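Report on the structure given below.
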Amino acid sequence: MKPDDHHRLAKRAVDPQKINATQAVFFVAKTLGKSITPGSIQESPSTDDSGKIILSGAKFTTAEIIASSKLYMTPDGLHTVWDLSIPMPEAWLNVFVDDITGSILGASNWMSSLSIVSKDDISSGLQKRQKSTIQPVSYLIVPLGGRDIRTSVGTQLVQNPEDLVASPLGWHNTDNGIGNIASTFGNNVIAQENRKNQPNPILGLRPSVNTFSFQFSVNDIKQSPEEYADASIVNTFAMTNLYHDILYQYGFTEAAGNFQVNNFGRGGKGGDPVIANVQDGSGVNNANFATPPDGQAGIMQNSVALHELTHGLSNRLTGGPANANCLSSTIALGLGEGWSDVVALSLEVLPTDTRNDDRVMGAYVTNNPKRGIRLFPYSTNMNNNPHTYADVLRNSNRHYIGEIWASMLWELYWNLVEKLGFSTNIKDGAKSGKGNTVFLQLIVDGMKLQPCNPTFIQARNAIVRADRVANNGTNFCLIATAFAKRGLGQGVKDNEFYFNDFTFPANCN
């Protein structure tokens with residue numbers, strides 16, 4: 001704290017001119033070009049003794065605005081601010097408004113395009129436990145490893161794929177007394193079409209069945225998307241649930257901030273399932289994920305689904321589940337894109353794949369099998385993917401930065417798989433000791449250990465530390481050589497420009 005901060009804060013504490021939460025919302029609305037009718041906003045205290053204020057009545061929002069008084073650090077010192085969480089049809093903003101001047105000192109967008117749903121629309125009485133049985137259920141889906149419906153894997157009928165540790169009541173029961181719901185509505189995810197881009201996606205259409213047999217086929221991928229909407233919704237529902245159950249085994253649990261309606265008394269805050277919008281009306285092949293703090297629903301829209309789900313993972317784990325702003329710097333945003341690419345790729349690897357096989361991100365949605373939505377395929381061959389650490393200087397776009405980070409992590413993935421082998425049952429967690437499971441465990445643990453808004457070096461070091469904690473550092477050389485190959489060697493320093501360093505410890509071959 002600077003010497004004059006105490007004086008500034010003391011003055012503000014007794015300053016009669018401090019603006020209230022409603023006035024702070026007016027300042028934000030004016031900045032956004034939104035109109036508010038005087039007297040239309042009502043303030044009420046939150047019911048959880050947190051001291052937060054609930055503001056309703058702002059027509060440009062899709063749900064209530066949450067306000068709380070905070071301290072905010074700027075280059076000129078500490079300020080007292082109103083911390084506003086503002087859900088809108090096109091964005092979910094977290095804005096910090098100076099409570100004296102009304103100036104906006106900082107802001108972040110928890111998503112670039114989203115629709116919001118209130119907890120009351122999801123269910124009520126979520127903490128009341130009811131006895132229930134697991135419903136036999138089957139899904140016709142493109143399974144993990146299928147990548148897209150055009151591949152040789154095609155669709156498969158999968159029966160009762162849920163993990164009863166991660167999802168103790170299965171995928172169709174929120175334990176609110178209703179029982180099993182014969183639709184794509186459950187504790188971990190609520191999936192529906194949202195072709196009309198409704199602000200409340202819960203009102204969207206979702207398939208309903210009588211026998212819990214979700215078998216909707218795609219006869220021809222040249223069909224109009226509306227003709228296979230049910231198949232798309234079921235596939236997204238199942239994939240999102242599978243992701244939930246798999247990552248649960250690696251530590252993305254209730255206490256760590258995962259996405260569930262009911263947390264079953266196992267920590268964290270409930271009321272935040274993934275809201276999956278399939279064939280969303282806000283754009284073409286739009287893929288994005290809103291990650292508010294734990295206890296508020298994350299919203300996923302269908303395209304490159306595993307990539308988008310991993311945004312929820314990295315945002316919740318970095319800085320802890322109560323802080324959704326710890327991947328907001330330019331570099332950290334890029335790292336987030338990189339994790340999303342590489343986790344998605346790692347979950348789709350087949351036992352027959354090798355490090356010599358290049359992988360393309362988003363080949364299906366772009367109809368570009370050579371490079372998909374990225375500049376290069378992911379490859380351990382430097383001729384096919386030449387990305388190195390110094391390339392960060394070329395472009396500040398977060399997806400470009402993400403490609404560089406994911407290319408480094410892809411090297412690590414194959415170092416571990418070649419050394420430790422490959423597990424065909426990734427849902428077992430890292431206890432198998434196989435390379436693909438160890439990789440996923442290091443990624444998850446590294447996210448938990450790294451600081452808010454990490455740099456490349458800090459994120460790499462968190463992975464090294466995670467291996468030291470979990471494996472006594474036995475994989476250090478596999479980690480060091482993977483990053484060094486792409487220029488993030490042992491000589492790189494955070495306080496220097498982005499220079500490549502390809503060195504690694506002498507004891508690592």
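The first residue you see is number 1, and the count goes up from there.
In case you wondered, yes, glycine gets a Cβ from its N, Cα and C as well.
Because TrEMBL annotations are produced automatically, they should be read as predictions rather than curated entries.
A simple way to gauge crowding: the CB of Glu308 (active site) has 25 other CB atoms within 10 angstroms, across all the protein chains here. The active site annotation in TrEMBL covers Glu308.
The Zn(2+) binding site annotation in TrEMBL covers His307, His311, Glu337. Taking the Cβ of Glu337 (Zn(2+) binding site) as reference, residues of its chain lying under 8 Å away and at least six apart in sequence are, in sequence order, Arg398, His399, Ile401, Gly402, Glu403, Trp405, Ala406. In the three-state DSSP scheme, Glu337 (Zn(2+) binding site) is classed as helix.
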